[in-house]
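Reading through the structure tokens given below for one structure.
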Amino acid sequence: MQIQSLFIQPHADGKTGDISEFTKHFWSFTTQQRIALPTCVAFCISSTSNCVVLQDNHIKTSKYNIFTFLPINLFEQFQRVANGYFLVLLILQLIPEISSLSWFTTIVPLVLVLLVTAVKDATDDYVSSALYSFSSECSFVLHAKGKWMNVRVGDIIKLENNQFVAADILLLCSSEPYGLCYIETAELDGETNLKVRQALTVTSDLGDITKLMNFDGEVICEPPNNKLDKFTGTLYWRDNKYPLDNDNMLLRGCVLRNTEWCFGMVIFAGLQTKLMQNCGRTTFKRTSIDKLMNTLVLWIFAFLICMGVVLAIGNTVWESWIGRNFQVFLPWDESQRSAVFSGFLAFWSYIIILNTVVPISLYVSVEVLRLGHSYFINWDRKMYHSQTDTAAEARTTTLNEELGQVEFIFSDKTGTLTQNIMVFRKCSIDGRTYGMELSKTACVDFSFNPLCDRRFRFYDSTLVEAIKLEDPAVQEFFRLLALCHTVMPEEKSEGHLVYQAQSPDEGALVNAARNFGFVFRARTPETITLCEMGQAVTYQLLAILDFNNVRKRMSVIVRNPQGQIKLYSKGADTVIFDRLDPSSEDLMYTTSEHLSEFAGEGLRTLALAYKDLDEDDFEIWMKKLLFASTVIENREDQLGALYEEIEQGLKLLGATAIEDKLQEGVAETIACLNLADIKIWVLTGDKLETAMNIGYSCNMLRDDMNEVFVVSGHTLQEVQQQLSKFLCWKNKSIYLVYLRGVRFVVSWQAHALEPLLEHILLDVACLCKTVICCRVTPMQKAQVVELVKRHKRAITLAIGDGANDVSMIKTAHIGVGISGQEGTQAVLASDYSFAQFRYLQRLLLVHGRWSYFRMCNFLCYFFYKNFAFTLVHFWYGFFCGFSAQVRILPDLSVFLKDVDDRTSLRYPGLYKPGQQNLLFNKRLFFLCTLQGMGTSFLLFFIPYGAFSVMVKEDQQAFAVTIATSLVIVVSVQIGLDKHYWTAVNHLFIWGSVTVYFAILFAMQSNGMFGILPSNFPFVGTARSCLSEQSVWLVILLTTVVCVVPGLAVSFLRVDLFPTLTDKQSRKREGPQGQNLRRVRRTSSRRSAYAFSHQQGYGELITSGKNMRASAVSSAHSPGRTPHSSNWIENMLKRKNEVSCISDESGDRAKNRLPSSSTEPELH
């Protein structure tokens, strides 16, 4: 398909005015003038004359509408084989020659089942059919009527700060200099750091109504696709063409930050937006038990045919040999021409009579059971989050039992596992640690600092005392934090500072420096102003050595008021330690131990160092930098080499430790789910280091695991080699998938998921205890879930809180939405929702396990009871001349619970039977049917033999005896299967027996005979039969004989083959506490510097483009420098080159250092 064209042809005459008057002027126009404002004329494929129908921004998540509900819902319901079976049965019952039952006995329950299910499906769909379009109004929309849902392609809209972007928009202009704006893309890629978008220079000055009205550009762009990191287009305007890329676009799902307002033109709307292209289709989800029941119904139907054939043959033989002798008393009907034809009619009659072997009440009972489970989830107060007033919600009623069979959980990171809150917890300065546990000391009093953040908390007063005593190391430490960053300050009122940080890491560090007396107040392209212990100090900003993924550090060069030139650097400890001056070696060892302690607590660590620069040396270096920044070839390499040159010989100051706050109970929940044999995979759009650090924080990655492997190949062959090499390390514990390139080259991101590699990828991943996929797009999340679903045939659950998680939520068997801070789109697409990740433990181990247990026990009991009931007619056929006569028997249902919720959470291993399908499968089905057959045989032949001895010929008394025996036997059986007796159990079990007798006496009463004498002719039969002691003795004998074998088997099974529930019920002590406790890391060190940081902010600051200032300094492009992954080897290599230390002494020095935590890469 060729690229598509978007033609914008506005013509309007309107009043002029500034931006603040835009809305007022617009609504003063006439209707004709408004219609003539910018809007889309055509959206066509350039190579053909076919036009693509443009969509508005109206998006629904519902499956049905008023016209499609009936056909689609009926199609879905008749995918159940039993519903189709009963439809055929209904047609047969309309034929009077073969039906001994009225047709309404089938049509009424069938219609009831279809109606109840349809109402349930409609209710579920209505609840989840909230529009994806945002309910709030746009700040200003040309042509549309103000609602997001009314926005169309070509409309020019105005966005204001903190507003969601609900369409894919081409940025035209903004309130910031040079047409810049800042966005948060958490719903797209899970990253909370700010990103920069910039309008084209030619449109950045369209901040005037007249200029916007005269905008008559033509945009040619790519067709709608799901590539979030790529956009290709061209703007044709004023006889010139301007290239468009992703840096000019605001995608649906972004949030405008730190920008007062901006104007943009809608390029894609509704389902054509890139976010919605990643969301996938809404599919009809069915449980594994539903699929199994379809198979069992087919088997039962085949068994029913066999019984019908046997009885039809019996009817033919009986009519041929015996029936002819009774033609005078039992003449054939006019349609009955021969014994063979009589057998043919008997076959269909028995198909109708024995249809209860597949009872339609089964599906009604299943739906009622599921509905009850859904209400239990909704009513669970232990899953209610009081802070946000959010209760758990079962948004569907069809998947409850599958919650008890989950084997794989696919979780998002940002907002699902974490709170997106960074907190400065501890630090190491000049070999001393500061910061204590919250419970060990009181919060520090920062009242001495009028500019402090009242919300900041720190729990070690000795650090404040060191500041007040003017400790030079401590002051230099916080001075570095206040100077070395890319944060933008905003002082809304005197003393009320708001920091706009590109990453939450930097925001936490600058805020910490602020509270300890080094307040970052303002910046220009050339200066940085601090308030140091109440004194204003301005530093001249000479250069910013920007961060990138290769350097893993950031540096600034400043001149202080005393004229000294200083370089301040912060970054990953592995790269900072490698560049230290030999005089800092002892301090490095001490700080390294502190870093290991911080990392052992799951904190994100960062090393800080500085260097005094000579004036002459700096001037020479600066000239080299200016020259390198202007070269055409290898500019980044030359800049990187210069950065490397000046960042040598640093002096260590210390290290920081930031807590990336997890949601409450995340680590404990993951540990508990692991004990239940549930595999948890994290799928996130964040960077590798961020994902790994969170993995350590929540105990998914631990130091007792053998190794962490990173697969990061750039080509198909590299990825294949790395995956194959891992298979040689099957004894390793961890596997970390790194799907790279989301931001760079699109072809990189999907190599591991290509058909040639997906099998080996899955094999390798399943060998590991933990799998973390980072840098994945929303569509790749769905592909990973689909890969496991397709090849492992395991029940999968996806959980997330943002729009970037919708695709995997829809793809998984079960989708769970977190009601978090990234909107409600994940909740709208989910099957279950709640406020905190920790509630997943209760949803699965309690509600899921109960639902599965109840459903399985219900099905086993139901098939047992129905075979016992139905086959009585089969045995009776041999004694009634195969005449297809019937006797009516009652029906029951069941509701069980084996252990309480505390036991389910205390023993996660109780969840495993559901994963292995142990409680209901084909084997258990056959055992239940055999038990039912045996019970039916005893139920018929024990009363038959007793009545023969008693010489009783009353067929109705015989039927009452069998029916009563059946009701008592199945009631006793269900009572024996109970694990807990409650008032509800007593009510349903003994209430069913009471109702049976009430109906029995009512049906054979004088009153019913008087109303419908032809339908109720057996007056007084029950009263007469049950008044005889011999009948009750027969009932007692039948009950004992039917129940005792099953009771004996149950006792033997508990002793010889106990289940997990049986074993745990015998234990009085709980599991060892260490299983669920958070394991403290003690050795491995993970630097956490700027994991969500973005390259290029240094250049943006020094260029002054993001500031309202006229002076703009020359820009410096970020550089890259190659570095070894092993910082110890690099440091020793450097030392060997300088002092010619021998290899032996180098080895000894290496052995003195703590173990490195840099991850080995497979090549």
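Placed from the backbone N, Cα and C atoms, the Cβ positions cover glycine too.
If you check TrEMBL, you get these features:
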- ASP412: active site, 4-aspartylphosphate intermediate (ACT_SITE)
- ASP412, LYS413, THR414, GLU506, PHE547, LYS570, ARG604, THR684, GLY685, ASP686, ARG775, LYS781, ASN804, ASP805: ATP binding site (BINDING)
- 1153-1163: compositional bias 'Polar residues' (COMPBIAS)
- 55-107: domain 'P-type ATPase N-terminal' (DOMAIN)
- 827-886: domain 'P-type ATPase C-terminal' (DOMAIN)
- 893-1059: domain 'P-type ATPase C-terminal' (DOMAIN)
- 1063-1086: region 'Disordered' (REGION)
- 1138-1163: region 'Disordered' (REGION)
- 101-119: transmembrane segment (TRANSMEM)
- 296-318: transmembrane segment (TRANSMEM)
- 338-364: transmembrane segment (TRANSMEM)
- 924-945: transmembrane segment (TRANSMEM)
- 957-976: transmembrane segment (TRANSMEM)
- 988-1011: transmembrane segment (TRANSMEM)
- 1031-1054: transmembrane segment (TRANSMEM)
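For the domain 'P-type ATPase C-terminal' (827-886), the DSSP counts in helix, strand and coil order read 42 helix, 3 strand, 15 coil. Proximity of the transmembrane segment (338-364) to the transmembrane segment (296-318) is established through 3 or more Cβ-Cβ distances under 8 Å for residue pairs spaced 6 or more apart. In the predicted model, the domain 'P-type ATPase N-terminal' (55-107) has a mean pLDDT of 74.
Summary: among the binding-site residues (ARG604, ARG775), the fewest other C-beta atoms within 10 A of the C-beta are counted at ARG775. ARG604 (ATP binding site) and the residue listed as 'active site, 4-aspartylphosphate intermediate' have their C-alpha atoms 20 Å apart, to the nearest angstrom. A straight line from the CA of ARG775 (ATP binding site) to the CA of ASP412 (active site, 4-aspartylphosphate intermediate) spans 12 Å. There are 26 other CB atoms within 10 A of the CB of PHE547 (ATP binding site), with all protein chains counted. Other Cβ atoms within 10 Å of the Cβ of THR414 (ATP binding site), summed over all protein chains shown, number 29.
PHE547 (ATP binding site) sits 26 Å from ASP412 (active site, 4-aspartylphosphate intermediate), taking the CA atoms of both as reference points. The Cβ of ASN804 (ATP binding site) has 33 neighbouring Cβ atoms from other residues within 10 Å, across all protein chains displayed.
When the alpha carbons of ASN804 (ATP binding site) and ASP412 (active site, 4-aspartylphosphate intermediate) are compared, the span between them is 9 angstrom. Farthest C-alpha pair in the ATP-binding residues ASP412, LYS413, THR414, GLU506, PHE547, LYS570, ARG604, THR684, GLY685, ASP686, ARG775, LYS781, ASN804, ASP805: 34 Å apart.
Across the fold, the C-alpha of GLY685 (ATP binding site) and the C-alpha of the residue listed as 'active site, 4-aspartylphosphate intermediate' stand 9 Å from each other.
With a 10 A radius on its CB, ASP412 (active site, 4-aspartylphosphate intermediate) counts 30 other CB atoms from all the protein chains. A sphere of 10 angstroms centred on the C-beta of GLY685 (ATP binding site) encloses 30 other C-beta atoms.
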